[in-house]
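Engineer: Pasting in a structure now, in structure tokens, and then I'll have a few things to ask.
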Amino acid sequence: MKYLLPSAAAGLLLLAAQPTMAANTGGYATTDGGDVSGAVKKTARSLQEIVDIIEAAKKDSSGKAVKGGAYPLVITYNGNEDALIKAAEANICGQWSKDPRGVEIKEFTKGITILGTNGSSANFGIWMVNSSNVVVRNMRFGYMPGGAKDGDAIRIDNSPNVWIDHNEIFAKNFECAGTPDNDTTFESAVDIKKGATNVTVSYNYIHGVKKVGLSGSSNTDTGRDLTYHHNIYSDVNSRLPLQRGGKVHAYNNLYDGIKSSGFNVRQKGIALIESNWFENALNPVTARNDDSNFGTWELRNNNITSPSDFAKYKITWGKPSTPHINADDWKSTGKFPAVPYSYSPVSAQCVKDKLASYAGVGKNLAVLTAANCK
């Protein structure tokens, strides 16, 4: 099902006018990005202008390079790449071999926020490398080119303390002839790997993506703490996320149309899967493709409470020939440790009924609370 996400208010409002507030991401991230004292605020109309603004912020007034950045940045992006997105949609199978397009935030730790205006759009990604204190909000990413060359929408490499909030990421969830190893035509929506940790992914609308996201790039890239909350995943294939070790807290998400597998908890990781809504899903919680180093999960207050609910919500299970564990008894296999942040989950039913009015772009960063569930 494709969700029609209503706008929180009419008109194209510049979100740069939002007041500064202390970071409360509802998860492991604790960053305000660049929206702090001393921030320089800029407006960009294109990928290249974002790149130029970031590069300028790496130098002081004399032009000397400053390690980690010379000042915090808030970049308001008001560009529109709908024409490129429409052209990509008309030539889906031609996107794989193209060069990827993206903004690289490299070795920038001073703090940076990239904030899209309502009505903006991007046919490019945002890639973080050896950075920290990064916030990406209200950006609409569509049909990223360069799947053969790791053309992710969001990539977080060795970059702690990142908040990905109120974005829309979309592609086409089918296979084109000629892509290798039965791989995807498009790359990931949000990959978090190579030492990245303390990341919150919230209020995003992700649809038509085959491989949604990694937590860790290999069996030795483990140990991160991630939170996913209030996201809508529709018509997706797998990796929600593919978790290699560490801790994942996922609450108040809506999963509709999982075609292969959802949570894949590997390398002795643990996931708290709390107050979510699942429907039309194949293998929504599993551990597979990992020899015997299976992870564990705690299932808490989801719309599914026992196997008797599977038929009602169209939950099905597959049994691969390789070692695996499915949550087909819908029982917890581990106990998640206490989280270091405060959060107030709403009921799974409220997620089903109300989340579409809050997740994604054009919602003026509105959040869903219990008061909205009445």
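Note that Cβ sites are derived from N, Cα and C of the backbone, with glycine treated the same way.
Quick paste of what Swiss-Prot says about this protein:
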- 1-22: signal peptide (SIGNAL)
- Cys93-Cys176: disulfide bond (DISULFID)
- Asp150, Asp152, Glu187, Asp191: Ca(2+) binding site (BINDING)
- Arg239: active site (ACT_SITE)
- Cys350-Cys373: disulfide bond (DISULFID)
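Have a look at these and tell me how they're positioned relative to everything else.
Structural biologist: Within 10 Å of the C-beta of Cys176 (disulfide bond) there are 16 other C-beta atoms, taking all protein chains into account.
Around the Cβ of Asp150 (Ca(2+) binding site), a 10 Å sphere holds 14 further Cβ atoms from the protein chains shown.
The Cβ of Arg239 (active site) lies under 8 Å from the Cβ of Ser188, Lys211, Val212, Gly213, Leu214, Ser261, Asn264, each of which sits 6+ residues away along the same chain.
Within 10 Å of the Cβ of Cys350 (disulfide bond) there are 19 other Cβ atoms, across all protein chains. The secondary structure of Cys350 (disulfide bond), as reduced to three states from DSSP, is helical.
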Engineer: Look up Cys93 (disulfide bond) in the DSSP assignment and report helix, strand or coil.
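Structural biologist: Looking at the DSSP assignment, Cys93 (disulfide bond) belongs to a helix.
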Engineer: Measuring Cα to Cα, how far is Asp152 (Ca(2+) binding site) from Cys350 (disulfide bond) in Å?
Structural biologist: 31
Engineer: Return one of helix, strand or coil for Cys373 (disulfide bond), based on DSSP.
Structural biologist: helix
Engineer: Suppose we draw a 10 Å sphere around the Cβ of Asp152 (Ca(2+) binding site). How many other Cβ atoms does it contain, all chains included?
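Structural biologist: I get 26 for this one.
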